[in-house]
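The block underneath contains the structure these notes are about, expressed in structure tokens.
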Amino acid sequence: MIAGSKLLMLGLFGALAVHALPEPAKAQVTAAPKLEERATSCTFSGSAGASSASKSKTACATIVLSAVAVPSGTTLDLTGLNDGTTVIFEGETTFGYKEWSGPLVSVSGTDITVKGASGATLNGDGSRWWDGKGSNGGKTKPKFFYAHKMFSSTISDIHIVNSPVQVFSINGATDLTLSGITVDNRDGDTDEGGHNTDAFDVGSSTGITITGATVYNQDDCLAVNSGTDITFTGGLCSGGHGLSIGSVGGRSNNDVANVIIENSQIQDSTNGVRIKTVYEATGSVKNVTYKDITLSGITKYGIVIEQDYENGSPTGTPTDGVPITDLTLDGVKGTVASSGTNVYILCAEGACSDWTWDGVSVSGGKTSSACENVPSSASC
């Protein structure tokens, strides 16, 4: 009997325990929202737009810059954006005047999309700084657009007018594509106008693609100073110094490799195809291809390759510290003014090798008698 009572009491206790204790609460787990749900689309405009955008940039999945007036001496700072951020320029973006080095705009981040809406312009109003000296003296002029440390990103349909000096600085970037970019500095085509208005300066970057660019300027359309796996295709370059490698040497990174420049036109420019390396510097230029390049209205050199640059000017004495190897020119054709030179090659002994030239035809100018150490496959 006692044993039976014990069993009955245990059974009742167990039943009470089951009913007395509540079920454990289920963990409240909220799925991470998608980026477009986590952040908002933010629009900034007017004179306070630049500051507000810079302060709020990490809270917005899409940043719309509508007719922003960037104050003088101020960078439109879009560095450190959240992954996947989209930046859209609308209307006319303007910049206040001050003598300073810039940049006027700076963007960095991963999986970033920067684009211009239809009709949008970034107006540097460079005439306020222009004095014909560029970055070599006179007024201190701000560089325009830093695309530094941009990874797996795109910049498209940006229309830049009248940059004070250099336009795009691409540095420390990987897998960056720029498409449909327009740089229009034609207002600077005067003696006291724009100078050193390079459109695209590339350094220490990998996997850079520039496609469909239209450039009117007074310096290099493209200048690759260092980097690998760089492509420039479908471009129109007018009024400047051509499509250039270099100058290579004298920087922290002095190696250029795997560059393709193709299907592009160079017109009304000082030079067409240009490669320049620095006197007594070290580095390398290898596996560079110029393919299907059309030249017209070239005033100085149709093709110029020199290993003698010092302080931005040729010395006439080439050195071998930056060899140029595996260079291909395929289908480079066009005309040079009668006062210009068709082809000029100045290599140090043994420093230019493994070149392939096919379908190269540049005429109208003079034949140089000052070429040195020209590889057998090329002609000067």
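Positions of Cβ are set from backbone N, Cα and C atoms, glycine also.
Swiss-Prot lists D219 with the feature active site, proton donor, giving similarity to another entry as the kind of evidence. According to Swiss-Prot, the feature active site maps to H241, an assignment based on sequence analysis. If you look up Swiss-Prot, you'll see C42-C60, C221-C237, C347-C352, C371-C380 marked as disulfide bond, on the strength of similarity to another entry. Residues or ranges marked as N-linked glycosylation site by Swiss-Prot: N287. If you look up Swiss-Prot, you'll see 173-204 marked as repeat 'PbH1 1', on the strength of sequence analysis. Among the features that Swiss-Prot reports, repeat 'PbH1 2' is placed at 205-226, with the record citing sequence analysis. Annotation source Swiss-Prot lists repeat 'PbH1 3' at 256-277, citing sequence analysis. The annotation repeat 'PbH1 4' is assigned in Swiss-Prot to 285-307. What Swiss-Prot lists as repeat 'PbH1 5' is 319-364. The signal peptide annotation in Swiss-Prot covers 1-20.
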Subject >> Residue counts (helix, strand, coil, in that order) that DSSP gives for the repeat 'PbH1 2' (205-226) >> reply: 0 helix, 13 strand, 9 coil
Original post:
Is it true that the repeat 'PbH1 5' (319-364) and the repeat 'PbH1 2' (205-226) have 3 or more Cβ pairs under 8 Å, skipping pairs fewer than 6 apart in sequence?
Top reply: no
Subject >> Where N287 (N-linked glycosylation site) falls in three-state DSSP terms >> reply: strand
Original post:
Restricting to the same chain and to residues at least six past its boundaries, which positions have a Cβ under 8 Å from a Cβ of the repeat 'PbH1 4' (285-307)?
Top reply: 242-243, 245-246, 248, 255-277, 279, 314, 318-320, 322-337, 339-348, 351-352, 360, 362, 365
Original post:
Which residues of the same chain, at least 6 past either end of the repeat 'PbH1 3' (256-277), have a Cβ under 8 Å from a Cβ in it?
Top reply: 220-222, 224-249, 283-309, 314, 321-322, 324, 327, 329, 332, 334, 336, 362
Original post:
How many Å lie between the Cα of C221 (disulfide bond) and the Cα of H241 (active site)?
Top reply: 7
**OP:** Mind telling me which of the disulfide-bonded residues C42, C221, C237, C347, C352 has the densest Cβ neighbourhood, counting other Cβ atoms within 10 Å?
**Re:** C221
Original post:
Can you tell me how far the Cα of C352 (disulfide bond) sits from the Cα of D219 (active site, proton donor), in Å?
Top reply: 26
**OP:** Could you tell me how many residues in the repeat 'PbH1 3' (256-277) are helical, how many are strand and how many are coil under DSSP?
**Re:** 0 helix, 19 strand, 3 coil
**OP:** Tally every other Cβ atom lying within 10 Å of the Cβ atom of D219 (active site, proton donor).
**Re:** 26
Subject >> Helix, strand and coil counts within the repeat 'PbH1 5' (319-364) (DSSP) >> reply: 0 helix, 27 strand, 19 coil
Subject >> Between the residue listed as 'N-linked glycosylation site' and D219 (active site, proton donor), the C-alpha gap once rounded to whole angstrom >> reply: 24
Subject >> Candidates D219, H241, C380 (recorded positions) - the one closest to C347 (disulfide bond) by CA >> reply: C380
Subject >> Cα-nearest neighbour of C371 (disulfide bond) within the listed recorded positions, C42, D219, C237, H241 >> reply: H241
